[in-house]
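As structure tokens, the structure follows; a few thoughts come after it.
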Amino acid sequence: LNPWDVALCISGTIISCENAIVVVVIFYTPAFRAPTFLLIGSLATADLLAGLGLILHFAFVYFIPSEAVSLLTVGLLVTSFTASVSSLLTITIDRYLSLYNALTYYSERTVTRTYIMLILTWGASVCYGLLPVMGWNCLKEPSSCSVVKPLTKNHLVILSVSFFMVFAVMLQLYVQICRIVCRHAHQIAVQRHFLASSHYVTTTRKGIATLAVILGTFASCWLPFAVYCLLGDYTYPALYTYATLLPATYNSMINPVIYAFRNQEIQKVLWAVCCGCFSSTLPFRSRSPSDV
């Protein structure tokens, strides 16, 4: 057994267990039908599929080796990881709009906008994932292979460029979010006759810290793999692919912690389940934006 494949399988198992909890909690809690939780559920579903894809890839490679099965598992992984990154972008857009358009955020337009974002996210992800299955692979032309077989170099370049575009948009939006929060904090401090300067500094530090955690985690997990996909080719040792792909999977492992388990409403349900007193009628601020 390749120890790297074993590590990916273990990573997939942890990812699946974490995100399965989030999906079950959101699906079986009627109060979690608000746009915020739909987006978190979309992210958890994408990461859950990514974890299952890693497990299936390991199982099929060592127990049912087949080119057709390999294309299906790679297609599933491309779809799920693309949906995961895209869901992070939709959550960022939702957070920005909840602050920028605070007065109209709770209108029906928000629900419609959320469903449109989900349709676009999963539609684009499925299209990306179907490309290898529909023939855009390097099984017949090994010279066109990328660092991730059987994906072609052109396919992987498109995915990498798309990632950099998503990251750039997220960076810009979170900077704007930080500015809006700091401006609001300054206005509140002045209105309530607080010491505006110290309050503003504290809020700025918290905003920058949150920004650093979210974007730092995302970048540290995915940037090495995205850069290597652009620079590497099929002649490079497989070790480099494993060494950059494994950290990328950690993003799906960390996402539930950042976007779901830190949410106060989800925490209430988890504590209720742990205490054996779960009730679907527990009161929640079901239309509130997420904590991130």
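In case you wondered, yes, glycine gets a Cβ from its N, Cα and C as well.
Just so you know, TrEMBL annotations are computer predictions that nobody has curated.
Here is what TrEMBL records for this protein:
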TRANSMEM  6-29  transmembrane segment
DOMAIN    18-259  domain 'G-protein coupled receptors family 1 profile'
TRANSMEM  36-64  transmembrane segment
TRANSMEM  70-93  transmembrane segment
TRANSMEM  114-136  transmembrane segment
TRANSMEM  156-175  transmembrane segment
TRANSMEM  208-227  transmembrane segment
TRANSMEM  239-261  transmembrane segment
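When the stretches 70-93, 156-175, 208-227, 239-261 are ranked by Cβ pairs under 8 Å to the transmembrane segment (36-64), first place goes to 70-93.
Packing against the transmembrane segment (156-175) from elsewhere in the chain are residues 78, 82, 85-86, 88-89, 92-93, 95-96, 128, 146-148, 211, 214-215, 218-219, 222-223, 226-227, 229-230: each is 6 or more residues past its ends and has a CB under 8 Å from a CB in it. Outside the transmembrane segment (70-93), and at least 6 residues removed from its termini, the chain residues within Cβ reach (under 8 Å) are 39-40, 42-43, 45-47, 49-50, 52-54, 56-57, 60-61, 114, 117-118, 121-122, 124-126, 128-133, 137, 139, 148, 150-151, 159, 162-163, 166, 169-170, 173-174, 218, 222, 248, 251-252, 255, 259, 290, 292.
Across the domain 'G-protein coupled receptors family 1 profile' (18-259), the model assigns an average pLDDT of 86.
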